[in-house]
């Protein structure tokens with residue numbers, strides 16, 4: 001993916017996958033692919049686009065100050081600040097941000113703990129944890145109205161060993177070295193959010209697994 | 001969308017989206033686009049059509065007295081009265097009415113309150129509320145058998161700042177300036193209905209958020 | 001639909017719709033269209049076919065004694081007996097039999113009552129009940145292993161005013177004058193089964209509506 | 001399916017079906033078709049492939065020692081050990097291994113019993129049990145980190161009369177004489193897992209059916 005058109009196509013393919021799952025309701029969410037590391041350039045969805053019907057013109061090239069490069073009337077998502085902070089911290093290759101019912105539920109139910117602890121589930125492998133006794137914690141941050149503040153909060157909470165952060169009653173940011181890796185991490189956390197919600201519904205995580 | 005064929009295609013596209021989601025079961029629901037403001041003309045689905053297989057002939061042009069214009073044997077939905085009342089009140093551009101399990105559940109669970117209060121969720125932005133402390137109320141009206149009465153009840157309850165009304169054990173009306181806006185509002189409320197039902201199921205909205 | 005190839009296509013289209021919904025798991029279910037009233041001839045799915053991949057050869061023409069007409073190595077479903085009994089009783093035009101999680105749940109939860117009573121929901125209109133105070137009862141019959149006995153039990157329980165019967169921990173039979181009507185009745189009952197299960201889950205039908 | 005290209009296509013078709021259902025999240029799962037009985041040869045998905053986008057090169061031919069035959073840089077899934085053990089025990093024709101929320105929930109909820117007992121449900125027929133009073137038990141094994149150990153545990157627990165084994169908080173192995181039979185068994189067990197979870201959620205299997 002060395003050219004911007006190729007990177008834009010990668011963003012559109014990610015958005016198509018997430019949109020088909022119903023993870024980008026009401027034009028919400030934003031997705032990006034790193035176009036260049038030094039200086040940082042990012043291919044990212046524009047603000048307000050319906051993610052089911054993206055065309056190349058809906059993908060903007062921005063610099064590390066969130067300035068749009070090239071000739072377009074579109075604006076990048078206000079949440080681009082979160083993407084920039086995560087690229088700076090991890091130098092990852094792609095970031096996805098979606099809203100789902102189950103990640104919203106988990107972010108709300110565990111808001112006071114500030115994280116969701118998970119152990120003993122096979123899909124931890126998809127997040128890079130192969131040790132049988134692995135225990136991970138997915139951070140949850142408040143949904144700051146100030147988006148620069150949100151960007152810093154997500155980046156501060158983000159840990160290299162767990163490629164996802166939940167924002168309370170809002171959604172998830174997940175990332176990876178490639179668009180496929182970002183998507184794999186997202187899929188794994190979404191599965192776990194639904195699983196853990198339904199497990200707690202029938203008897204509580206504390207009873208069954210912790 | 002200046003011609004009726006274009007408006008009819010916009011209605012069909014809205015119906016296709018909602019039908020693919022499973023929101024128009026058993027030929028239920030009706031969808032419309034304003035064709036002209038003065039005097040009011042509306043492009044609306046005919047009564048009884050399967051919304052997954054609409055063709056242009058299934059979209060009727062009606063005037064403000066619900067009279068069909070042009071040569072057709074089809075009748076407009078009896079619930080066209082609700083559309084007319086909403087166009088009169090808001091001069092909006094498009095209205096969608098669908099039936100879903102989760103909006104039905106919420107309309108039933110909060111029937112005695114007459115509304116669902118929501119605050120502290122990101123998707124309020126998709127309904128036009130960007131203030132961090134925004135609190136909205138989606139009205140719930142009884143399911144009047146008399147459809148003129150239903151039209152007046154929905155229009156009376158409808159507020160400009162919240163583009164949706166629930167009808168108890170029946171469905172939702174959502175509207176917007178454009179078909180895309182109506183659909184975005186619908187998607188946001190459907191997400192919130194499922195989220196709030198599942199949140200209450202595991203511990204109650206009153207415990208967790210209010 | 002005057003020719004058998006047309007009737008077979010109608011059966012395949014019904015099966016495609018139900019299969020896309022996930023209502024025909026594990027090659028279960030069977031669907032039919034009346035080919036001729038006197039003497040009775042029925043176009044019906046063969047036993048064991050994957051309903052997602054039906055071809056015309058998978059649709060058999062049978063007489064009222066369940067004998068296959070024409071040259072084929074395939075056998076009709078053993079549950080063809082239920083279809084024959086229902087065609088005899090109602091002279092309807094089409095019958096669908098599917099297995100879903102929610103109709104199974106309702107058939108089990110209300111097995112001792114022998115029926116599910118429903119009132120006060122808009123989708124009763126899709127079942128032909130337009131009166132605001134309509135109250136219907138969907139019968140539930142035991143899942144007889146003897147399929148002739150099952151056919152008689154379903155037909156005995158079936159009422160003209162409610163075009164569906166549930167079989168306990170098994171599935172649903174729904175019918176109508178046309179394939180579209182049978183499908184509309186099926187969709188309405190499936191919606192109601194999911195709705196009523198989820199309503200009971202959060203507080204009970206008896207608390208909320210009865 | 002006498003040639004390897006045909007067998008590879010059968011694996012890809014199985015994977016497409018399961019992936020469309022959402023049963024292969026985050027590149028998880030593995031699927032195989034027996035290519036030859038003596039000596040054993042198996043067509044199986046490579047490690048790490050996205051199952052929604054498989055191409056023939058993603059299907060590997062392996063021998064009974066899990067050695068890849070032919071010229072490829074890809075590695076078979078580490079869980080190939082489980083497939084080999086099951087082919088050895090049953091000489092079946094195809095094996096599917098998927099991860100779903102509902103089979104994970106059931107494997108966790110019944111972990112201490114070591115099995116899920118099921119009776120009185122129509123879909124037992126799809127698993128080969130036609131007797132009205134049939135009672136089956138689907139075994140649950142611990143999720144051993146050592147995959148040779150997992151292979152032996154699954155094969156030890158597996159019974160000829162019930163073509164599926166659950167692995168705790170991991171997923172399911174299902175098999176059959178053909179790819180269609182393996183898929184039918186998988187579909188039936190997935191349906192039953194969702195049904196039994198939802199039945200227990202509303203009142204407990206012990207109250208309602210046992």
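A Cβ is built for glycine as well, from the same backbone N, Cα and C atoms used for every other residue.
For B:97, B:99, the entry in TrEMBL reads Zn(2+) binding site. Look at TrEMBL and you will find B:9-197 tagged as domain 'Class II aldolase/adducin N-terminal'.
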CB within-chain contacts under 8 A for residue B:99 (Zn(2+) binding site), separation at least 6: B:23, B:24, B:25, B:28, B:29, B:170, B:171, B:172
Confidence summary (mean pLDDT) of the domain 'Class II aldolase/adducin N-terminal' (B:9-197): 96
Neighbour count (Cβ, 10 Å) for residue B:97 (Zn(2+) binding site): 28
Residue B:99 (Zn(2+) binding site) in three-state DSSP notation: coil
